[in-house]
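**Student:** TrEMBL lists GLY77, ASP100, ALA101, THR102, ALA128, GLU129, ARG147 with the feature S-adenosyl-L-methionine binding site.
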Amino acid sequence: MTSSAMPIPPPPIALTPEQMRLLDAYADALQDGNRRINLTAITDRDAIFIKHFWDTLAITPHLDALLPPDAHLIDVGTGGGIPGLVLAIARPTWRITLLDATRKKVHFVEETARTLGLNNVRAVWGRAEEVARESDHREQYDAAVARAVAPLRVLAELCLPFVRVGGWWCAMKGPAVAEEAAEAHAAIALLGGEPPHIEMVEVPGADAQRAVVLVRKHAPTPERYPRRAGVPHKRPLG
């Protein structure tokens, strides 16, 4: 990492020197790729580590407690690979699918995973509403993770159809998420999820806490969901 007046704090979980090297190389790739594609609004290197990498690693212990060592996760709306590529580096026994609707972003994360030697990653191009209807993906994952800015009742319809019964949906949000979670109760229940559980996490170097919203799936998602592309955003459930 480049030096700065105030060095960034250490990561929230233990990492090996090789994992730190991979994160450093990933930061290089994000900065370089962002010159060609709109991957992230965060371009300062220290901010990439704190707001992208440490932010993701802060939720990892919660996932560790819920998932098997060989868990299969899907990152819905991965963009530049956050949180999926960070999880792939931190937990090499997990299998990570990176899903995005923008072909250039899928190409970027595919190339980055290849350059970093991450054999536990695959990238998929498509809309969540369509990919979640494919037999290779529907209810095939131990967990779906999302860091999108969409409301939880929208994200629920995009994420829960990917999750197997007994698996988990994990949404990364800002600290003021309680009202949003309450508004999503009906949608989550309709899609087969239990009431959401909110955990607050500390991110080293960040100005505020982050929230992780955890939903266990206890029943199959009805066949009609997700609705066709664009409808969940236009007419959210609940």
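Any Cβ shown, glycine's included, is placed from N, Cα and C.
Let's see these features in context: how buried, what's close, how far.
**Tutor:** Cβ contacts within 10 Å of GLY77 (S-adenosyl-L-methionine binding site), excluding its own Cβ and spanning all protein chains shown: 23.
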**Student:** Pick the one among the binding-site residues ALA101, ALA128 whose Cβ has the fewest other Cβ atoms within 10 Å in this structure.
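**Tutor:** Among the binding-site residues ALA101, ALA128, the sparsest Cβ neighbourhood within 10 Å belongs to ALA101.
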**Student:** Tell me the coarse DSSP state (helix, strand, coil) of ASP100 (S-adenosyl-L-methionine binding site).
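**Tutor:** Assignment for ASP100 (S-adenosyl-L-methionine binding site) reads strand.
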**Student:** Judged by the number of other CB atoms within 10 angstroms, which among ASP100, GLU129 is the least packed of the binding-site residues?
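**Tutor:** Looking at the binding-site residues ASP100, GLU129, the Cβ with the fewest others within 10 Å is that of GLU129.
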**Student:** Between the two most separated Cα atoms in GLY77, ASP100, ALA101, THR102, ALA128, GLU129, ARG147, the residues recorded as binding S-adenosyl-L-methionine, what distance in Å do you get?
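**Tutor:** So the binding residues stretch over 17 Å, Cα to Cα.
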